[in-house]
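As structure tokens, the structure follows; a few thoughts come after it.
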Amino acid sequence: VACRCESDGPDVRSATFTGTVDLWNCNTGWHKCIATYTAVASCCKKD
């Protein structure tokens with residue numbers, strides 16, 4: 001599932017969703033790309 005990284009820009013309608021939702025923590029070789037902390041899922045982007 002795609003998600004919006006902070007680097008995608010603030011406008012949800014015009015932003016490109018370059019992140020991927022990952023349950024719990026991001027996989028190896030990926031990093032969390034949003035500052036917002038959620039206990040269940042993170043928005044991750046490939047390093």
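Using N, Cα and C of the backbone, Cβ positions are placed for all residues, glycine too.
What Swiss-Prot annotates here:
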| type | residues | note |
| --- | --- | --- |
| DISULFID | Cys3-Cys43 | disulfide bond |
| DISULFID | Cys5-Cys33 | disulfide bond |
| DISULFID | Cys26-Cys44 | disulfide bond |
Statement: Using a 10 Å radius on the Cβ of Cys44 (disulfide bond), the other Cβ atoms enclosed count 21
Query: According to DSSP, which of helix, strand or coil covers Cys5 (disulfide bond)?
result: coil
- prompt: Three states by DSSP: which one describes Cys44 (disulfide bond)?
  reply: strand
- line: Among the disulfide-bonded residues listed as Cys3, Cys33, Cys43, the Cα nearest the Cα of Cys26 (disulfide bond) belongs to Cys43
- prompt: What's the CA-CA gap between Cys5 (disulfide bond) and Cys43 (disulfide bond) in angstrom, rounded?
  reply: 7
Statement: Whole-number Å distance separating the Cα atoms of Cys44 (disulfide bond) and Cys33 (disulfide bond) is 5
Query: From the Cα of Cys33 (disulfide bond) across to the Cα of Cys3 (disulfide bond), what is the distance in angstrom?
result: 10
- line: Cys3 (disulfide bond) has its Cβ surrounded, within 10 angstroms, by a count of other Cβ atoms equal to 18
